[in-house]
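Database features (Swiss-Prot):
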BINDING   H59, W63, Y64, Y90, H125, Y226, A258, T259, W286, K291, D292, E293  substrate binding site
ACT_SITE  E163  active site, proton donor
ACT_SITE  E252  active site, nucleophile
REGION    326-362  region 'Disordered'
COMPBIAS  332-353  compositional bias 'Pro residues'
REGION    388-451  region 'Disordered'
COMPBIAS  405-416  compositional bias 'Pro residues'
COMPBIAS  417-433  compositional bias 'Acidic residues'
Amino acid sequence: MKKLTTIFIVFTLALLFVGNSTSANNGSVVEQNGQLSIQNGQLVNEHGDPVQLKGMSSHGLQWYGQFVNYDSIKWLRDDWGITVFRAAMYTSSGGYIEDPSVKEKVKEAVEAAIDLGIYVIIDWHILSDNDPNIYKEEAKEFFDEMSALYGDYPNVIYEIANEPNGHNVRWDSHIKPYAEEVIPVIRANDPNNIVIVGTATWSQDVHEAADNQLDDPNVMYAFHFYAGTHGQQLRNQVDYALSRGAAIFVSEWGTSAATGDGGVFLDEAQVWIDFMDERNLSWANWSLTHKDESSAALMPGANPTGGWTAAELSPSGAFVREKIRESASIPPSDPTPPSDPDPGEPDPTPPSDPGEYPAWDPNQIYTNEIVYHNGQLWQAKWWTQNQEPGANQYGPWEPLGDAPPSEPSDPPPPSEPEPDPGEPDPGEPDPGEPDPTPPSDPGEYPAWDPTQIYTNEIVYHNGQLWQAKWWTQNQEPGYPYGPWEPLN
């Protein structure tokens, strides 16, 4: 596409954080901030002022690429207030290595972001191919092409290794040497834009990278977490890395457990959001998809081009939208008029004994209040307006009355695992070697193999049969909250 001329506006009052106004008065976020760089471990704009980007990550473009288009990204900018979008291009699992045409969807996302004046992350999404060196030559070719096409645009951020993982894949031995070959390819075309490098153990071990940093002034280190699995220990690792002067970008996080499903864990997510805000850490939430998992931002049937109603947002999506809007100084509002049946007027019949609680009012904004509606008390789980208690099983209201709710407040897990892996659990300890002792009587079932991919299979390990509950590789049976269910 024809290159755009980036207009840089000099402010007399420095911005402390990236806002997100796209009005004619303020210009786009890229017009406001221009070329990003790192100073003293902090992401800053062209004026040297600290910047905090907030936005969304796609799911795998080979599976859910229909949600990545100009209209959906524009809606995320205008309605949610995002300042960054991450295009997650899986390398394996049906991604770029098997189907190079998926890079066309990356280009579509990048060019939309440039037109819309937001930042964009080009994500080389390694996952089941746990060692980034497996496809190092392909990575060099890909980033040579991307940096040649888009290196003149300050919008672009390169993420060269999503989640290195596996007990042998460490920063010093595998990840840093890989980065030292890939980054120079980018720098030959693009000397200035930010490069994000993944860290060991599914981009959790930022402390290792902080102790042996790359020799590039504009490198950041990826940190990923899932609110239902990860807590204070990982926050301590981030603080250690920051204390060593390492620049951290939370290029992926979820409200769910580390599997991408389970939850949502909104209280824990809020702790993490506060943590990131206090440290001015930029972030992208996983993920823009309608997949049947709790980390998905959209409900099944959501419009791929944006304009999402309240009914089309999942609990995670509604929560993340509001968190981004808060920092973007966008007044709270419903996404669009809901597609659910009109709730009509508030319950005109005074409850027989509602105590101190008022009747639900569709015109009222609620965040944590308790209301009375249809003979029952309800409490808002997050920000809501004009969403009737009980009208949506995945909605913002939790029943408090004596009668049990007709549907669970969280989406039920799928009866069968999805064929695509989603994000595997990065919270497991290293599984070590497979059980070297053959089972005395495993019957027809093979011994667990850490190199094998499992989705629903039964294996024998440590004298016991185990069945995979979802996609897994290199995660040893027997760890709590993991992907394996004991069968005997």
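In case you wondered, yes, glycine gets a Cβ from its N, Cα and C as well.
It should be emphasised that the depicted structure is a prediction, and the values quoted were computed from it without experimental measurement.
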Original post:
Taking the Cα atoms as reference points, how far is A258 (substrate binding site) from E252 (active site, nucleophile) in Å?
Top reply: 11
Original post:
Just the number: how many Å between the Cα atoms of Y64 (substrate binding site) and E163 (active site, proton donor)?
Top reply: 19
Original post:
Within 10 angstroms of the C-beta of D292 (substrate binding site), what count of other C-beta atoms is obtained when all protein chains are considered?
Top reply: 15
Subject >> Among H59, H125, E163, W286, D292, which are recorded as recorded positions, the nearest neighbour of the residue listed as 'active site, nucleophile' by Cα >> reply: W286
**OP:** Would you mind reading off the Cα separation of E163 (active site, proton donor) from W286 (substrate binding site), to the nearest angstrom?
**Re:** 13
**OP:** Would you mind checking how many other C-beta atoms are within 10 angstroms of the C-beta on H125 (substrate binding site)?
**Re:** 28
Original post:
Including all protein chains displayed, how many Cβ atoms other than that of E252 (active site, nucleophile) lie within 10 Å of its Cβ?
Top reply: 30
Original post:
What number of additional C-beta atoms lies within 10 angstroms of the C-beta atom of W286 (substrate binding site)?
Top reply: 28
Original post:
CB neighbours of Y64 (substrate binding site) within 10 A?
Top reply: 20
Original post:
DSSP on E163 (active site, proton donor), three-state: which is it?
Top reply: coil
**OP:** For H59 (substrate binding site), just count the other CB atoms lying within 10 A of its CB, please.
**Re:** 27
Original post:
Under DSSP, is Y64 (substrate binding site) helix, strand or coil?
Top reply: helix
Subject >> E163 (active site, proton donor), number of other Cβ atoms within 10 Å >> reply: 24
Original post:
Across the record's substrate-binding residues H59, W63, Y64, Y90, H125, Y226, A258, T259, W286, K291, D292, E293, the largest CA-CA distance in angstrom?
Top reply: 21
